[in-house]
Amino acid sequence: MKDHYDVIVVGAGPGGSIAAKTAAKEGLDVLMIEKRQEIGDPIRCAEGVGKFHLKQHIEPDPRWICADVKGSYIISPDGTRIEMAEEMSGGEVGYVLERKIFDRALANESALAGAEVRVKTRATDLIIENDTVCGIKLMHLGKEYEVRSKIVIGADGVESKVGRWAGIETSVKPSDIETCAQYLVSNANIDQEFCYFYLGNEIAPAGYVWMFPKGGNKANVGIGILGSRAGKDKPIELLNDFIEKNMPDAKIIEMVIGGVPVCGTIERTIANGLMLVGDAARQSDPITGGGIINAMDAGKIAGEIAAKAIRKGDCSIDTLQEYEDLWRATIGKEINNSLIVKDTFINFTDEDLNSLAYSLRDINFTSMSLINLLKALFKANKKLLWDLRGIFKDVIKGEIDFKYKA
């Protein structure tokens with residue numbers, strides 16, 4: 001490990017690896033560090049991604065694709081089921097990944113592009129001089145180091161310290177954190193070509209239960225509930241109840257517990273010499289909590305802007321503002337619209353959800369026009385259409401794609 005690089009990336013998740021790969025391909029000297037000894041472990045999500053956007057970053061590989069999903073089922077509290085094709089199911093439906101292999105494949109691509117990758121290497125602080133980030137202090141195998149750089153990219157996840165060290169407000173209110181629990185189960189006995197989403201305030205207050213196929217009759221089965229709506233029952237207890245009632249033959253072989261920020265965007269994600277990407281920048285989707293593709297998209301933008309700034313010889317916040325502007329115009333717009341949807345739906349009663357599902361149950365979501373969708377929503381819930389009016393204006397203008405591309 002050298003004492004100076006052009007770019008240091010903190011965190012080797014999807015966002016960090018794409019940032020490192022992009023910067024290295026631009027000819028920059030890049031160091032990417034990961035605090036854990038194994039990249040991709042532990043798993044923090046349901047592992048679903050949309051096909052179109054994934055292919056913008058990496059060619060799909062059977063080694064890390066567990067399931068090729070053709071659609072999703074949304075199940076209302078009374079059991080009414082809506083089927084949606086993959087193209088209409090959102091940014092987390094398409095492929096179900098094996099994250100442990102996928103994350104390492106991305107890190108390997110960054111290394112092949114020229115980045116230096118160091119595991120079991122923990123950032124302990126930033127080096128800040130004249131109000132500018134100029135490197136990091138780190139711990140590697142029990143030894144302390146100071147490594148300087150022209151730009152630091154913080155991709156250190158939900159618990160990010162990098163942004164906080166730089167004076168960026170990244171704290172999230174408990175009410176804006178989705179508390180999650182997930183099992184990997186065998187003997188799942190579900191259709192391995194579909195993802196399942198169960199809605200209802202009894203099974204998941206202000207949230208949902210998901211089932212993502214993993215191949216070989218296995219599935220990720222998880223729950224996410226909004227912190228502000230969590231009652232006496234903990235997510236793990238609600239999940240246990242769901243599995244007992246709906247998957248009595250399932251066998252638990254792995255468990256993950258964590259939290260996902262669903263707060264929408266934070267005020268800023270840059271400082272002099274610094275950019276934040278992924279969960280560190282609160283770029284996850286407020287509805288689903290999914291953030292793999294958003295992190296990768298943001299990482300690519302950050303890597304490109306890092307190269308531009310370094311070539312220009314100016315890594316100030318004014319130059320890095322281009323990163324802020326670019327991700328907010330794309331990723332940020334989708335996040336803001338998802339936040340409107342989330343804030344609308346968390347106030348729905350089970351009766352509201354049942355009514356909506358009943359009105360949409362026979363719709364073919366692969367061929368429906370926007371106008372017919374609006375008519376169906378209006379029939380189901382007139383207030384809903386009014387609450388979401390701003391989003392539909394953007395869709396009609398073609399400014400939002402919601403990651404529904406095939």
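The backbone N, Cα and C atoms fix where each Cβ goes, and this holds for glycine too.
Swiss-Prot lists Glu34, Cys45, Ala46, Gly48, Arg99, Ala123, Asp279, Gly291, Ile292 as FAD-binding residues, and of the candidates Gly15, Gly79, Gly142, Gly313 the one it assigns to that same site is Gly15. Cβ neighbour count for Cys45 (FAD binding site): 24 (other Cβ atoms within 10 Å of its Cβ, all protein chains included).
Counting other CB atoms no more than 10 Å from each candidate's CB, the binding-site residues Gly15, Gly48, Gly291 peak at Gly15.
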